[in-house]
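Visitor: Below, the features straight out of TrEMBL:
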| type | residues | note |
| --- | --- | --- |
| DOMAIN | 20-260 | domain 'G-protein coupled receptors family 1 profile' |
| TRANSMEM | 6-31 | transmembrane segment |
| TRANSMEM | 38-66 | transmembrane segment |
| TRANSMEM | 72-95 | transmembrane segment |
| TRANSMEM | 116-138 | transmembrane segment |
| TRANSMEM | 158-177 | transmembrane segment |
| TRANSMEM | 209-228 | transmembrane segment |
| TRANSMEM | 240-262 | transmembrane segment |
Amino acid sequence: LALNPWDVVLCISGTIISCENAIVVVVIFYTPAFRAPMFLLIGSLATADLLAGLGLILHFAFVYFIPSEAVSLLTVGLLVTSFTASVSSLLTITIDRYLSLYNALTYYSERTVTRTYIMLILTWGASICYGLLPVMGWNCLKAPSACSIVRPLTKSHLIILSVSFFAVFAVMLQLYVQICRIVCRHAHQIAVQRHLLASSHYVTTRKGIATLAVILGTFASCWLPFAVYGLLGDCSYPALYTYVTLLPATYNSMLNPVIYAFRNQEIQKVLWAVCCGCFSSALPFRSRSPSDV
């Protein structure tokens, strides 16, 4: 099989994704202080992206070195599961951020921990079900005309995935609009109580809006092209279109650690401690709200 440069790029992207998210998973797993709900959700996101990176590497290896339809179904199922879990984990993080602001007084309670575990179970349960569909027989290996732009996924399967993405994006957009309103209201109340200048309130509000814009803008720019093409594209179209839309989607898993993990001050402390060779799992941490992440 002739080597496709696009597959090489995807494999390289998968390697970078795996390395980045492996660092986040190891830091969260081996640091007892990172057992708060928000860190569990970040860990879920990093795990999903780590599996996505490994899936890209395995897909490349099996396509070019061990070609097999059965193995191809397994690797595609892994990619569907991991990317679905990644997008779903972003939704759970958004929900957690919203609830931390909307129910600030009751957020640090046992109910929040229970709710976090329920969201994780639903996230991974639904993602695994989506990923098992091709393996359990919902594929187009025996009916090429039913193939989508991503073989061996069927058109119906990819349409469901694309529609699910648009639903997740719509919910995230609505929640972040509500978060922005709450943040602006809180900033105004603090400015009034402390007799701060209007410019201070404006700077705080602008910073919050800019952060939310970066989060939503990155998510949309990475996944929207592939989701739209998944609805409108056909297997008869050139494979180049699939690669051009799929590659940015993988970049989302590459950017997630930067946006959600490496910007966190507690995770930065642990990383610096590890780099300096003075790692201690008992490092003291200041309790932070998910809205600060």
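Heads up, the Cβ atoms here are built off N, Cα and C, so glycines get one too.
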Visitor: Determine which residues of the chain contact the transmembrane segment (158-177) at the Cβ level, with the cut-off under 8 Å and only residues 6 or more beyond its ends counted.
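Guide: Cβ under 8 Å, 6 or more out: 80, 84, 87-88, 90-91, 94-95, 97-98, 130, 148-150, 212, 215-216, 219-220, 223-224, 227-228, 230-231.
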Visitor: Counting only residues 6+ away from its ends, which parts of the chain sit with a Cβ under 8 Å from the transmembrane segment (116-138)?
Guide: 37, 40-41, 44, 48, 73-74, 76-82, 84-85, 88-89, 91-92, 95-96, 152-154, 156-157, 160-161
